[in-house]
Amino acid sequence: MRVKIGLMGLGTVGTGVFKIVNYRGRYIKESTGFYPEIKKVLVKDLHKKRKVDAAGLLTNDPREILEDEEIKVVIEAIGGISPAYEYVKKALLSGKHVITANKELIAKYGEELGSIAAEKGVYLRCEASVGGAIPILHQIDRLKITDEMDFIGGIVNGTTNYILTKMGEGKSYKEALNEAQELGYAEANPDYDVKGFDATFKLGILVKRVFGVSVPVEIIPRKGIEEIKEEDVERAKELGYEFKLFAWAKKFKNYISAGVEPTLIPENSLLSKVKGVNNAIILRGSSFGEYVFIGRGAGELPTGDAIVADLIDILINYKLGSKSEVTGVNFREESFTDTFYIRLKLKKDNVYGLKEVLKLIKRNWVSIEKSSFGGNSFTAIVKVNGTVEGLKEQLEKVAVLEAVFKVLPEENFKEKSEFENLVEVM
């Protein structure tokens with residue numbers, strides 16, 4: 001039996017889906033009993049040269065998909081909010097299953113669209129919206145049946161991880177960004193990735209799936225990688241750390257905290273070994289301990305593969321986990337760590353020099369873990385006993401605090417061989 005599919009978008013993601021469905025259709029039929037057939041492909045430009053042969057399937061009229069009763073599954077690979085939101089909503093209201101990789105759409109409207117899907121008795125699947133080729137949402141659904149998770153964190157944006165990897169190899173931010181753009185990992189306007197929006201949308205989806213609560217992405221603290229100076233990358237390496245854009249969420253007894261921010265990762269930890277466009281996601285539960293999932297987070301085939309995995313789940317009518325969700329949440333801005341990287345410059349009129357700085361730091365911070373000093377610049381890894389703001393006030397007369405970044409404590413995430421569960425999807 002054939003199942004007709006409407007594919008919306010034939011860019012990077014859509015092309016990956018088109019290739020996999022057509023190349024692997026026979027194997028999908030063997031696994032599910034259904035042969036997937038792409039009947040129509042929605043594009044803006046009918047005459048644009050494509051990487052795949054979709055002759056006879058292209059249309060620029062969404063109604064040819066949304067109003068076609070033969071089409072049972074719609075795959076949205078357009079991206080952004082409009083018109084993707086309108087198309088997905090109409091498809092669900094028409095009783096069609098929908099698969100999307102659109103993390104912004106799911107983060108902002110997932111609850112509304114999920115309710116429509118439940119009401120209509122169809123699936124809204126979004127595995128590809130987080131983690132690229134990593135089947136993280138499927139794993140979360142499975143694990144939360146038997147355990148309660150209290151932490152999720154990791155590297156969820158392949159573009160920024162590629163840029164930071166190249167900066168760690170000695171390239172400037174501009175050089176690394178240009179290289180990422182040339183390879184197709186970064187857009188011409190990279191703000192969506194480098195300012196942390198993409199990672200924040202993905203984190204919102206993960207929080208919803210792990211903890212069953214909706215956190216408006218607008219209130220999640222977000223900091224991108226543009227403020228990371230080459231000097232900080234070099235100093236961090238001297239101290240035994242590497243920069244990663246770290247997304248995290250932690251459940252406390254009565255509230256949840258979350259954030260996306262550049263973070264120093266110990267160079268001997270597993271996360272520091274995750275290079276290029278690869279992603280890594282950590283789940284922590286009371287019974288299973290820690291699971292770590294590693295895989296490619298960017299590119300047409302990794303994302304396309306995750307979308308097709310959702311298609312297979314729909315075809316075999318497989319659904320794991322409960323649909324019941326808690327929509328309210330008590331959210332607080334809180335740190336996951338008490339360890340920070342600081343870089344400061346001594347003022348010229350500071351007659352006491354570094355001695356006065358160290359005295360002020362020790363008065364406000366528990367300890368200096370590691371440090372380096374050269375010229376009038378001082379860099380250190382410190383454990384906080386107060387706040388960064390409090391330290392700034394104390395130091396403003398003798399130094400300028402030029403950079404502050406969080407540090408993932410070495411005891412939090414261990415060497416690869418010490419993890420209870422490691423899943424690599426490469």
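Glycine residues also receive a Cβ, built from the backbone N, Cα and C atoms like all the rest.
According to TrEMBL, the active site, proton donor annotation covers Lys202. As annotated by TrEMBL, NADP(+) binding site applies to Met8, Gly9, Leu10, Gly11, Thr12, Val13, Gly14, Thr15. Under the heading NADPH binding site, TrEMBL lists Lys103. The feature L-homoserine binding site is assigned by TrEMBL to Glu187. Per TrEMBL, domain 'Aspartate/homoserine dehydrogenase NAD-binding' is recorded for 9-125. Residues or ranges marked as domain 'Homoserine dehydrogenase catalytic' by TrEMBL: 135-312.
Those same-chain residues not listed among Met8, Gly9, Leu10, Gly11, Thr12, Val13, Gly14, Thr15 yet with C-beta within 8 angstroms of the centroid of the NADP(+) site C-beta atoms are Leu7, Gly16, Val17, Phe18, Ala77, Ile78, Glu300. Here the binding-site residues are Met8, Leu10, Val13, and the one ringed by the most other CB atoms within 10 angstroms is Val13. In sequence order, Cys126, Ser129, Val130, Asp198, Phe201, Lys202, Ile205 constitute the residues six or more apart from Lys103 (NADPH binding site) in its chain with CB-CB distances below 8 Å.
A simple Cβ count within 10 Å picks out one of the binding-site residues Thr12, Thr15 as the most packed, and that one is Thr15. Counting only the Cα atoms, the space from Met8 (NADP(+) binding site) to Glu187 (L-homoserine binding site) is about 20 angstrom. Looking only at the binding-site residues Gly9, Gly11, Gly14, the densest Cβ neighbourhood within 10 Å occurs at Gly14. For Glu187 (L-homoserine binding site), the number of other Cβ atoms no farther than 10 Å from its own Cβ, over all displayed protein chains, is 13. On the backbone, the CA of Thr12 (NADP(+) binding site) and the CA of Glu187 (L-homoserine binding site) stand 12 Å apart. Mapped onto DSSP helix, strand and coil, the domain 'Aspartate/homoserine dehydrogenase NAD-binding' (9-125) counts 53 helix, 22 strand, 42 coil.
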